[in-house]
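**Student:** Sharing the record's features from TrEMBL:
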| type | residues | note |
| --- | --- | --- |
| ACT_SITE | Glu354 | active site, proton donor |
| ACT_SITE | His385 | active site |
| ACT_SITE | Lys513 | active site |
Amino acid sequence: MHSPTTLNAWQALTQHQKDMSAVKMASLFKEDAQRAQKYSVNAAGWTLDYSKNRANEKTFSLLTELAKASGLENAIEGMFSGAHINNTEDRSVLHVALRASHAQDTLIVDGVNVLAEVRSTLKQMEQFVAQLHNGDWKGHTGKTITDVVSIGIGGSYLGPKVVAEALTPYKNDDIKVHLVANIDGSDITGKLKQLNAETTLFIVSSKTFGTLETLSNANAARDWFLRNGGSESGIRQHFAAVSSNVKKAVDFGMAEENIFPMWDWVGGRYSLWSAIGLPVAIAVGMDNFYALLDGAHQMDEHFRSAPFEENLPVIMGALGVWYINFHNAQTHALIPYDHYLRAMPAHIQQLDMESNGKANLLNGDGVETDTGPIIWGGAGTNGQHAYHQLLHQGTRLVPVDFIAPLASHNPIGDHHAQLFANCLSQSQALMVGKTLEQAEKELRDAGATDEQVAKIAPHKVIKGNRPSNTLLTDKMTPATVGALIALYEHRTFVQGTIWGINSFDQWGVELGKVLGTDIFNRLVSDSDNSALDASTQALIDAFKKAQS
Ligand code: F6P
């Protein structure tokens, strides 16, 4: 793999950016009455309107050429067929197999039919969820389970969290699902305070069963259970696990039949479709979980088969590259105009930043381009009263994805029309901005003096021409939520492929873990810290002093 900068399309895009620098999006709309239709595409229950971008036909044709020249077609096929595209860990990347159509029953990877394993795990989940919902699963004193606490972090937390929240209208009322992640004792303490040990079931979600935060919280939950009338033999009725490390889970006290498998071909941040999604399945039921998988599968099929010119993940990924590498955009904002989707930016942040926060090409050479942007965002309209000021008038270019359902699950008064109006007006304002002449006229019309106009008008100028995508769906359902998250997974892969990096390892996270263990040992012992930097020494001393 060579740097994408060596590709003709890259060089052509560099030149093209200069040609486009004076072009205003608003003029592109005036010149082409069909622009909105031309740059809208549907897939898996979603419509992407990408017409409000600093792009014309030539831009899109060069971006498509770039995607092709980077080997994206082969990369997609490699992923779906189980090639070891995670080259630094020598693994397949098969989250798509977790949601494969039931019409397909075989996918042999490294001599194993992974679909047989996926299906048997889904059956195991079905039984588990049914036992909880029909009250057959009893705690150690014979009482029915009322609360499930999922303990996990990173991908073993964020994906289930965003989906469980997004599907709030589909939740069953008979069992409450809680999620704990942070090693900060306040997280689990707050949750346990509300719970009864006789009627609570914990699911320890950890692919490795070796993650410090998760094990600390699992041990705290175990101690709490034992302190509150539980016994060692009762642990099997109150603890289950999702892990590829069965031995460690058994050593913890779980019954082997309550351990759900994970595989090394599923990355943590892509794992919500596996048994890591158990909290979702318990919250909304297995039928809705299957609908979620099916929605994601619809997006997979679209990604695999649609021409790049009509392919949502490819279009969104390529546009991201256009802004990051040719307009120096450092960040990308996700703004869902749906209260239940408010955690989505955090999940896509992990998905994208852990995947594409890389500085080496697949062959190990250093990259010559910027790679993954900072992903951020939050619920509209709340953000409008916080960070949108910077989107409109700040010095940085921030491409935005607006995400909105056409219908609300809670249609009260004119709330939804107001919410939707805000979504549309934000993308419109970002594009059209406000000229000095408009600002001056506005002030004059309001009765300002010439002196006031001269003083205030420049502050009211909004340059505009700021790009955004709008993603619309009829309603947030299990299927459309599944398709949306799969869209962002593939968008991440498209960008990683164009940059020539491995989107599926995460070696950078390891250094913090190793140093964290070393510092922890220093905090709890009388170690000689003189070889450490003076700042770290002083901070360790402050902690130790506070404990004494
Ligand atoms: O943050 C690093 C990471 O490895 C993620 O990729 C993963 O989702 C998370 O830690 C949790 O890992 P595990 O599921 O093994 O506990």
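Cβ coordinates are placed from backbone N, Cα and C, and glycine is handled just like the others.
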**Student:** Round to a whole number and give the Cα-to-Cα distance in Å for the pair the residue listed as 'active site, proton donor' and Lys513 (active site).
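**Tutor:** Between the alpha carbons of the residue listed as 'active site, proton donor' and Lys513 (active site) there are 15 Å.
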**Student:** Which whole-number value in Å describes the distance between the Cα atoms of His385 (active site) and Lys513 (active site)?
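**Tutor:** Here the two Cα atoms are 37 Å apart.
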**Student:** Among all protein chains shown, how many Cβ atoms are found within 10 Å of the Cβ of Lys513 (active site), not counting that one?
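**Tutor:** A count of 11.
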**Student:** On the three-state reduction of DSSP, what should I expect for the residue listed as 'active site, proton donor'?
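**Tutor:** Note: the residue listed as 'active site, proton donor' is helical by DSSP.
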**Student:** Going by DSSP, give the three-state secondary structure for His385 (active site).
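**Tutor:** For His385 (active site) - judged by DSSP and reduced to three states - the answer is helix.
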